[in-house]
Every structure is written in C-alpha cells, then in structure tokens.
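Per TrEMBL, the feature Fe cation 1 binding site maps to E63, E93, H96, E181. The Fe cation 2 binding site feature in TrEMBL is assigned to E93, E145, E181, H184.
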Amino acid sequence: MLLIVRPANCSLKRYCGVSYRRITTSISSLSHDSNHPVRSEKIENRRRKMMLSKILRVDHAGEVGADRIYAGQMAVLGKTEYGPVIQEMWDQEKAHVNKFRELLPEYKVRPTIMLPLWNIAGFALGAGTALLGKEGAMACTIAVEEVIGGHYDRQLRELLNEDPEKYKELLEVIKQFRDDELEHMETGIEYDGEKAPFYSLLKSVIQVGCHGAIWVSERI
C-alpha cells in the first residue's frame, strides 16, 4: 500500500486527490494479485476439462463408427471365407466401444450428439464397400484405421506433454487401441485392400469423411 503525507501548504485538490487515487489503485492491485492464483487454477482446470472432453467424445464416436463399419461388412461378407477375419476385428472394436462407454461417465463427458448419424453412416460405409468384394472392404479398413491410428498418436503426444502421471490410465488405453487399429490396417493390406478398384480415390474419399467426422465430434 502506498502512503503519501501531504505538506501543510498543499492544496487538497492538487495533492490529496492524487494521493487518494494512488492509494486506492495500490489496494486494488493487491486485491487483484491475491486472487490471481485462484483464478489461474480455475482457468487451467477448465482447459484440462475441455481437452479431456474433446479426446473422450471423439474417441467414443470413432469407435462407434468403426463398430458399425464392421457390422456393415459382416452383413455382406459374414458368410464368406473372410467373415472370421472381419469378425475378429469387429470384436476388438466392440471392446473399444465398451471401454469408452465406461470412461465417459467416469470423466463426466457426454457423447457427441452426432452418434445417430455416425451409426447410419458407418454401417452404410461398411456394407457399401463390402459390396465391392473383399478388396473393397479391406480398402475401407485401411483408410479408416490409418486415420484413427494417426489420430490416437496425436492424442498420445498431447497427453504426454500435459501430464503423463495424471493421465497414465488413459494413455495406456489409447496406446493399446492405437496398436489394435494399426494391426487392422495391416490386415487390410494383407488381404489385398490396396487392389480394390479405384483404390486411391476410394481411400481419399473415405479419409476426408473420417477427418470431417473427427472435427465435428470434437466440438459437439
């Protein structure tokens, strides 16, 4: 606090008025500084909450979409010799969805409002590409899992930079799911997904759609 003693010959208007303003400004500054750590902590907590909400909401949405894609593929190719391969990948996606369903309430995060659309779009994409044959279905798998694997990689870097101890459980979950998705991508390559008709165009279109779905699901 700043205190100034007024000389006897000083006018009240010229000197004491200035002193009063300086004193009140100093008091206000002290009050502002004392509340600053509390306010900063609230801002930081809000930022972390938004980060986690974005991560969990989009990951849940992505796994729901992947689950529906494999459901669509199985509807077309389930009784062929490739059915067991698709079923194995689908079973892993079901486990991923169930895990994120557990994590959403644990972290107090709501799912995206776009889930009904992703359900329909995912099934349509899976069934539609499977109608092109085994190669079409596997091309879809390559395209989708490549995007999801890269997306998980970015999330891992973000959480590691944030606080690896605090988010240890989430890091382990995302790392395991990332590895599963990349394994699915390799399966798609192994089963001739790159030999699908118009593979490059098909892959590009699917990946543009995936990136769009990610952008939307992170926000609403």
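Numbers run from 1 along the shown chain.
Every residue, even glycine, has its Cβ placed from backbone N, Cα and C.
Features recorded in TrEMBL, as mapped to the structure shown.
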residue: E63; record: Fe cation 1 binding site; Cβ neighbours (10 Å): 23
residue: E93; record: Fe cation 1 binding site; Cβ neighbours (10 Å): 23
residue: H96; record: Fe cation 1 binding site; Cβ neighbours (10 Å): 23
residue: E145; record: Fe cation 2 binding site; Cβ neighbours (10 Å): 24
residue: E181; record: Fe cation 1 binding site; Cβ neighbours (10 Å): 26
residue: H184; record: Fe cation 2 binding site; Cβ neighbours (10 Å): 26
E63, E93, H96, E181 excluded, remaining Cβ within 8 Å of their centroid (Fe cation 1): G62, A66, D67, Q92, A95, V97, I148, F177, D180
Cα-to-Cα gap, H184 (Fe cation 2 binding site) vs E63 (Fe cation 1 binding site), nearest whole Å: 13
